[in-house]
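Enquirer: Can you keep this structure in mind? I'll have questions shortly.
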Amino acid sequence: MLKLFSAFRKDKIWDFDGGIHPPEMKTQSNGTPLRQVPLAPRFVIPLKQHIGAEGELCVSVGDRVLRGQALTRGRGRMLPVHAPTSGTVIAIAPHSTAHPSALAELSVIIDADGEDRWIEREGWSDYRAHSREALIERIHQYGVAGLGGAGFPTGVKLQGGGDKITTLIINAAECEPYITADDRLMQDCAAQIVEGIRILAHILQPREVLIGIEDNKPQAISMLRAVLADAHDISLRVIPTKYPSGGAKQLTQILTGKQVPHGGRSSDIGVLMQNVGTAYAVKRAVVDGEPITERVVTLTGEAVSRPGNVWARLGTPVRHLLNDAGFCPSADQMVIMGGPLMGFTLPWLDVPVVKITNCLLAPSVTEMGAPQEEKSCIRCSACADACPADLLPQQLYWFSKGQQHDKATAHHIADCIECGACAWVCPSNIPLVQYFRQEKAEINAIRLEEKRAAEAKARFEARQARLEREKAARLARHKSAAVQPAAKDQDAIAAALARVKEKQAQATQPVVIQAGSLPDNSAVIAAREARKAQARAKQAAHPVADSAISGGDPRKAAVEAAIARAKARKQEQQAGSEPAEPVDPRKAAVEAAIARAKARKQEQQAGSEPAEAVDPRKAAVEAAIARAKARKQEQQAGGEPAEAVDPRKAAVEAAIARAKARKQEQQTGSEPAEPVDPRKAAVEAAIARAKARKQEQQTGSEPAEPADPRKAAVAAAIARVQAKKAAQQQVVNED
């Protein structure tokens with residue numbers, strides 16, 4: 001009867017399809033306790049040791065850091081990394097990392113000082129006094145990630161679970177051959193693991209907590225049972241040994257009987273899974289206040305003389321760990337990071353240990369066997385029988401090889417856990433997992449490109465829609481403006497139309513002239529006065545510079561006005577007559593001399609004191625001469641062609657003009673002119689008028705006799721002498 005009740009109390013477990021039973025090879029390393037490894041002289045800490053983006057750097061080259069000090073900031077899925085020991089940051093540069101191709105990733109390189117000093121640690125021994133959010137934030141900021149191999153940020157995983165989680169599963173199966181890191185951790189630190197499990201349960205509040213462990217770990221099972229002897233909140237489930245029972249989906253099915261849907265997660269069925277190493281890291285982060293700076297790593301293989309499990313600081317070079325374990329490499333020695341089924345071969349040994357590194361396998365040549373040649377698939381279906389995910393590996397192989405991405409996706413290649421069971425049983429030695437990894441990478445690249453194209457298309461369509469809206473709005477504005485013009489535009493149009501109509505009305509009105517009456521020119525007079533006023537205003541606004549600088553000379557103004565009137569009359573007469581008469585050289589010479597004298601006088605007056613007082617007598621004489629010249633030009637314009645030029649007279653007049661010019665230049669620099677005598681001025685004006693009349697009479701008399709060049713030259717010389725003598729006599733008289 002007792003045996004019957006014991007059978008009813010036995011916890012039920014389930015099984016999954018497929019799976020294999022490879023040699024375990026765990027006894028090489030699980031028999032010795034955990035031990036510390038001497039500090040390496042230099043540490044390389046990659047910024048990205050988890051799923052997601054790398055954190056933001058918060059240190060610089062040359063900074064001194066302590067163990068546990070944050071090197072990056074963690075926001076969202078960006079998980080921070082911490083210094084594994086105290087030392088100095090000597091570089092922040094790309095460095096080869098734990099990857100099949102040893103890809104270079106940005107890393108912080110620290111030179112250890114050997115002191116291994118910690119930051120100030122603050123633990124929460126009473127973690128129940130803190131809120132769920134505070135605990136999750138602490139776990140995240142202390143860099144805790146999944147240590148079972150995935151490297152998913154634990155804080156993000158706990159935050160995403162929320163209230164949907166009904167079952168918390170602790171994965172202690174550790175099913176892959178050679179790896180004993182979790183086994184040794186459970187043997188040496190069972191109490192700390194259980195305390196970390198209780199912290200996770202406090203955060204999630206599930207209905208049940210299950211620990212799944214394979215039956216090939218008797219020492220670990222006994223230690224956990226001893227710790228859980230009086231506990232009723234955690235159940236320990238021992239499961240049969242079969243690879244890969246440690247897979248998340250496979251262990252969930254074994255312990256709960258539920259299957260995770262295709263393309264889904266275990267949280268979709270109310271299950272959340274954590275590794276025993278992660279539970280231990282949670283305890284150290286929350287209770288002890290220690291960020292994750294080290295983890296347990298299995299050093300095993302026949303090429304290692306002292307296999308076992310060690311506490312390896314993150315960032316320690318693989319070469320340093322293997323040398324500490326007595327590594328004896330052969331000619332073609334390989335080193336595998338991870339297990340023999342899911343691990344990968346390292347191109348060289350300078351890569352650092354990261355959070356997902358659980359094993360370093362250094363097998364001998366006889367241990368792993370010689371590599372065999374890949375052969376063609378014989379469609380034996382052994383791979384399909386061994387697949388724990390119920391897939392068809394042979395079909396996925398053909399799809400991957402033929403680049404048939406759609407068919408590979410339709411056959412759920414994303415559900416492949418890359419356990420390597422298919423490749424283990426394949427008689428043709430086909431590396432199926434390598435094909436599947438490459439195919440999934442290509443599909444991810446295609447999806448990423450499609451996502452970028454969709455985003456670009458969405459941006460383009462949004463831009464086109466915006467341009468169409470702007471165009472429609474612009475057309476609407478133009479249409480409304482055409483239909484309803486603005487008030488000021490209407491006023492301007494109306495005013496313009498009124499002006500046009502007024503001009504048309506004025507043009508069409510007949511001109512009525514009454515006999516015996518004067519025409520009404522008031523409108524014309526008003527328009528002329530308006531134009532004059534406008535001209536005066538414009539002249540006042542823009543005065544002539546020379547007029548503003550020096551005062552006007554009435555005498556010069558009178559002479560220039562008379563000359564201008566004469567020229568105007570002459571031009572009016574010439575406009576309707578025959579072509580202009582020949583130029584009189586004598587007159588041209590006289591006018592040129594007078595112009596030069598005036599120019600010299602004006603230049604001297606511009607730089608000297610203000611102009612001297614105007615002499616009315618000289619002004620009257622020059623005005624009379626100008627009027628006489630004007631009358632003479634008028635008569636010549638309407639009469640016969642000009643008489644022949646008399647060179648003698650021209651020379652005499654030129655000499656007289658030059659003498660007058662010299663006299664004017666001398667008078668410019670002398671004392672102010674003497675007071676003007678009105679009587680003398682009147683006499684000189686009368687004499688000038690008489691001379692002008694005489695010249696007019698001579699103009700209409702007999703034509704001038706032909707000019708004799710010799711006589712003209714003699715007369716010109718006599719005239720020059722007389723002009724000089726007259727100028728000197730004038731100067732003496734004035735003195």
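The first residue you see is number 1, and the count goes up from there.
Including glycine, each Cβ sits where the backbone N, Cα and C put it.
Heads up, here are the entries from Swiss-Prot:
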DOMAIN    368-397  domain '4Fe-4S ferredoxin-type 1'
BINDING   C377, C380, C383, C426  [4Fe-4S] cluster 1 binding site
BINDING   C387, C416, C419, C422  [4Fe-4S] cluster 2 binding site
DOMAIN    407-436  domain '4Fe-4S ferredoxin-type 2'
REGION    534-716  region 'Disordered'
Enquirer: Let me spell it out: take the domain '4Fe-4S ferredoxin-type 1' (368-397), skip the flanking residues so only those 6+ beyond its ends count, and list any with a Cβ under 8 Å from a Cβ in it.
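Expert: For the domain '4Fe-4S ferredoxin-type 1' (368-397), the list is 16-20, 244, 247, 249-250, 334, 340, 408, 411-413, 415-417, 419, 421-432, 435-436, 439.
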Enquirer: How big is the Cα-to-Cα gap, in Å, between C426 ([4Fe-4S] cluster 1 binding site) and C416 ([4Fe-4S] cluster 2 binding site)?
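Expert: With distance taken Cα to Cα, C416 ([4Fe-4S] cluster 2 binding site) is 16 Å from C426 ([4Fe-4S] cluster 1 binding site).
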Enquirer: Which residues in the same chain, at least 6 apart in sequence, have a Cβ under 8 Å from the Cβ of C419 ([4Fe-4S] cluster 2 binding site)?
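Expert: In sequence order, the residues whose Cβ lies under 8 Å from that of C419 ([4Fe-4S] cluster 2 binding site) (at least 6 apart) are Y243, P244, G247, L341, M342, P388, V433.
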Enquirer: Would you find the one among the binding-site residues C380, C422 whose Cβ has the most company, meaning other Cβ atoms within 10 Å?
Expert: C422
Enquirer: Including all protein chains displayed, how many Cβ atoms other than that of C426 ([4Fe-4S] cluster 1 binding site) lie within 10 Å of its Cβ?
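Expert: Taking all protein chains shown, C426 ([4Fe-4S] cluster 1 binding site) has 22 Cβ neighbours within 10 Å.
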Enquirer: For C383 ([4Fe-4S] cluster 1 binding site), just count the other CB atoms lying within 10 A of its CB, please.
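Expert: Excluding its own Cβ, the number within 10 Å is 27.
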Enquirer: Provide the number of Cβ atoms within 10 Å of the Cβ of C416 ([4Fe-4S] cluster 2 binding site), excluding the reference atom itself.
Expert: 22
Enquirer: Which number gives the other C-beta atoms within 10 angstroms of the C-beta of C387 ([4Fe-4S] cluster 2 binding site), all protein chains shown included?
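Expert: Neighbour count, Cβ to Cβ under the 10 Å cut-off: 24.
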Enquirer: Report the same-chain neighbours of C377 ([4Fe-4S] cluster 1 binding site): residues 6+ apart in sequence with Cβ closer than 8 Å to its Cβ, ordered by sequence.
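Expert: For C377 ([4Fe-4S] cluster 1 binding site), the qualifying residues are Q394, Y397, W398, S428, I430.
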Enquirer: Let's see if you can do this one: DSSP helix, strand and coil counts over the domain '4Fe-4S ferredoxin-type 1' (368-397), in that order.
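Expert: Counts, helix then strand then coil: 11 helix, 0 strand, 19 coil.
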Enquirer: With a radius of 8 angstroms around the mean position of the C-beta atoms of C377, C380, C383, C426, what other residues of the same chain does the [4Fe-4S] cluster 1 site pick up?
Expert: I378, R379, S381, A382, P393, Q394, Y397, C422, V425, P427, S428, I430, L432
Enquirer: Can you give me the Cα-Cα distance between C422 ([4Fe-4S] cluster 2 binding site) and C383 ([4Fe-4S] cluster 1 binding site) in Å, rounded to a whole number?
Expert: 4
Enquirer: If you average per-residue pLDDT over the domain '4Fe-4S ferredoxin-type 2' (407-436), what number do you get?
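Expert: That stretch averages a pLDDT of 93.
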Enquirer: Quick one: pull the CA-CA distance for C383 ([4Fe-4S] cluster 1 binding site) versus C416 ([4Fe-4S] cluster 2 binding site), whole Å only.
Expert: 12
Enquirer: For [4Fe-4S] cluster 2, what surrounds C387, C416, C419, C422 with a Cβ no more than 8 Å from their Cβ centroid?
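Expert: After dropping the recorded site residues, what remains is G18, C383, A386, P388, A389, L391, P393, I417, E418, G420, A421, L432, V433, F436.
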Enquirer: In whole Å, how far does the CA atom of C416 ([4Fe-4S] cluster 2 binding site) lie from that of C380 ([4Fe-4S] cluster 1 binding site)?
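Expert: It is 20 Å, counting Cα to Cα.
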